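S.K.: Here's the feature list from TrEMBL:
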- Cys268: active site (ACT_SITE)
- Arg87, Tyr215, Gly216, Gly217, Ser266, Asn383, Ser384, Arg385: substrate binding site (BINDING)
- Lys224, His244, Asp295: Mn(2+) binding site (BINDING)
- 28-236: domain 'Phosphoenolpyruvate carboxykinase GTP-utilising N-terminal' (DOMAIN)
- 240-596: domain 'Phosphoenolpyruvate carboxykinase C-terminal P-loop' (DOMAIN)
Amino acid sequence: MNAISHDVAKPAVAPGSQGSKLAALNAWVAEVAALTKPDAIHWCDGSDAENAALIAQMEADGTLVKLNESTHPNSYLHRSHPDDVARVEHLTFVCTSRQDDAGPNNHWMAPADGHAKMDALFDGCMKGRTMYVIPYCMGPIDSPLSRCGVEITDSPYVVANMRIMTRMGAPSLARIEREGTFVKGLHSIGELDPERRFIMHFPEELTIKSFGSGYGGNALLGKKCHALRIASHQARSEGWLAEHMLILGLENPQGETHYIAAAFPSACGKTNLAMLIPPEGYRAKGWKVWTVGDDICWMRPGADGRLYAINPEAGFFGVAPGTSAKSNPNALKSIQSNTIFTNVGVTADNQPWWEGLDDGQTPVTDWRGNAYDPAKGPAAHPNSRFTVSAKQCPSYSPEAENAAGVPISAIVFGGRRPSLVPLVFEARDWTHGVLVGAAMGSETTAAATGAVGVMRRDPMAMKPFCGYNFADYFTHWLSFDQAGANLPKIFHVNWFRKGDDGSFLWPGFGENLRVLEWMIQRVKGEAGSVETPIGHLPKDDEINLDGVQLTDEARAKLFGFEREGWQAEFASIGEYLDEYGPRMPQALKDEQQRIAKALGN
Ligand code: GTP
Ligand code: SPV
Ligand code: MN
């Protein structure tokens, strides 16, 4: 690495910089270097040569294991520390000057205390290591909706992932030099000690400090830390939205494409829906789904009053288990080459393997690197992931690079709801839709540490990611309903309804297209519905079920309205809104009470 590293004794300035416009960046890098004391500083340019040198270094020290070159060219396996395999919500903080601004939905620390705690951890932590400076842009490099950041890290694995997940390197540095503003993200893997691990956000200072984890959303700071927690805070004051949503384009046989944004909690189906392949009959007629994004959506009103969305990311950090040629062929095709796999198993001939891959092979090594023994758990960690450029996805939309974004026709909320919640319903209007999002619930998944399968409220799928008080966030959402606005319709879906025997009642995956079709018909005023207190449900036969086998139980539960269950649900939603006290917008409380009354509560 000597060839591309700078001796720390030399000034820590960006290459080619005259010092003036990048003064703030250069000063910060120097300050961080003085604190963390790295042996060397490397400014990342994002080039192929730089990436190749980093990969070679990581192969040599065992950070990456090369996978089968003939089946998976240029692909690698990384095994993270077994105690460092997912986001850590209990160690994630939002440090606003006033505690109320972070809200009951966040862990809070006073900014001065947060900085003191983190700076003590960072003190000298990069001795013997190289410090990488990663300039990146979230969103197309030429889009006014995009925002830049710089992550400083001592993890070359983070550098390699950020190169795939963001527009990283020289063009981003040039934009930072033009704009002068950027989000500062400081990261060190430290000793990977869970007792010395914190993910700290200072939204008022556009600053992130993350220590002690090398995994996913904890360490790739452009993703959840910047593009959701910091960006949501920024979006509130600037009049836009930063959301945990996929974006897809649904093209019908007439060649019209409608864009849909959908918020499902972590590991609840965003990547799968974003890459959906329509059922055979639909494909034959010319239906197609285009992938714009699979995890994060930034949107703002355009001159015509519609919401325009960009995907701030450039790659996918997707859940591996369950990804197969049947469930998600586009994802599987995307990850045949140039992919970093984290915490998957491997086969005898060194191919990546995970539960649900269904390729007829068997793993020999598990995600920890031990001989695979089914009695000791799965071969792949349930939160094992692939990192791959979006450009490798066969359904990647050319519009994803459009600087203006795509106009959104429908917003969809959903979660894992084994009971009560039907397959789909539509909100009556924007305010009702905001309540539907605010009331979202879902079972927890392996994407975060802690118990799996526990039902919790996860408003707009943003519980772990909203950088400010949820009450203010709902107020912000409500504020988009104003004169001149031409807002998307809002829907709620549930792919995870279970029958009495515990199995899923809806086939899901590609078949979800049938539900999207109904939504767009509703947007165009072409489909009917049945009005209930919880919203509009599809009328009998309004959703095309040709070729779908559903039992009577499934039909009743997927399309029915269970008044008594909803009465209890609305009482619980009311209690939830009350947890936020007087900051909760009255309009949302009124909406909850109106529906509770209509339900007969
Ligand atoms: P994050 O990247 O954590 O934000 O997750 P995500 O929302 O992108 O989740 P993803 O699409 O990776 O799905 C996670 C899990 O849900 C996988 O195990 C999928 O197989 C499963 N899944 C996705 N869609 C469906 C569906 O329509 N039905 C059922 N039953 N399971 C699904
Ligand atoms: C999620 O947990 O919602 C993810 C994965 O998308 S991570 O980047 O680790 O947050
Ligand atoms: Mn996510």
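Every residue, even glycine, has its Cβ placed from backbone N, Cα and C.
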S.K.: What's the number of neighbouring CB atoms sitting within 10 A of the CB on Tyr215 (substrate binding site)?
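M.R.: Here the count is 25.
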S.K.: Only counting partners 6 or more residues apart, tell me which same-chain residues put their Cβ under 8 Å from the Cβ of Arg87 (substrate binding site).
M.R.: Ile199, Tyr215, Gly216, Gly217, Asn218, Lys224, Ser266, Ala447, Ala448, Thr449, Pro464
S.K.: Quick one: pull the CA-CA distance for Asp295 (Mn(2+) binding site) versus the residue listed as 'active site', whole Å only.
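M.R.: Taking the Cα atoms only, Asp295 (Mn(2+) binding site) lies 11 Å from the residue listed as 'active site'.
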S.K.: So if I draw a 10 Å sphere around the Cβ of Arg385 (substrate binding site), how many other Cβ atoms end up inside it?
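M.R.: Within a 10 Å radius of the Cβ of Arg385 (substrate binding site) lie 29 other Cβ atoms.
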S.K.: What three-state class does DSSP give Lys224 (Mn(2+) binding site)?
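M.R.: For Lys224 (Mn(2+) binding site) - judged by DSSP and reduced to three states - the answer is helix.
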S.K.: To the nearest whole angstrom, what is the C-alpha distance linking His244 (Mn(2+) binding site) and the residue listed as 'active site'?
M.R.: 12
S.K.: Please list, in sequence order, every residue of the chain apart from Lys224, His244, Asp295 whose Cβ lies within 8 Å of the Cβ centroid of the Mn(2+) site.
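M.R.: The answer, listed by sequence position, is Gly217, Lys223, Ala227, Leu228, Ser266, Ile296, Ala461, Phe465.
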S.K.: Just to verify a number: CA distance, the residue listed as 'active site' to Asn383 (substrate binding site), in angstrom, no decimals.
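M.R.: Between the alpha carbons of the residue listed as 'active site' and Asn383 (substrate binding site) there are 12 Å.
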S.K.: Return the members of Arg87, Tyr215, Lys224, His244, Ser266, Ser384 (the binding-site residues) with CB less than 6 angstroms from at least one atom of ligand 1, or none.
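M.R.: Near ligand 1, sequence order: Ser266.
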S.K.: Sort out the sequence-distant neighbours of Ser384 (substrate binding site) for me: same chain, 6+ apart, CB within less than 8 Å of its CB, listed by position.
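M.R.: Val319, Ala320, Pro321, Phe341, Thr342, Asn343, Val344, Trp354, Trp367 - these are the non-local Cβ neighbours of Ser384 (substrate binding site), listed in sequence order.
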S.K.: Given Cys268, Asn383, Ser384, Arg385 as the recorded positions, which ones have a Cβ positioned under 6 Å from some atom of ligand 2?
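M.R.: Once distances to ligand 2 are taken from each Cβ, none falls under 6 Å.
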S.K.: Under a threshold of 6 Å between Cβ and any atom of ligand 3, which of the binding-site residues Tyr215, Gly216, Ser266, Asp295 are retained?
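M.R.: Near the molecule: Ser266, Asp295.
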S.K.: Within the domain 'Phosphoenolpyruvate carboxykinase C-terminal P-loop' (240-596) only, compute the mean pLDDT.
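M.R.: So the average pLDDT across the domain 'Phosphoenolpyruvate carboxykinase C-terminal P-loop' (240-596) works out to 97.
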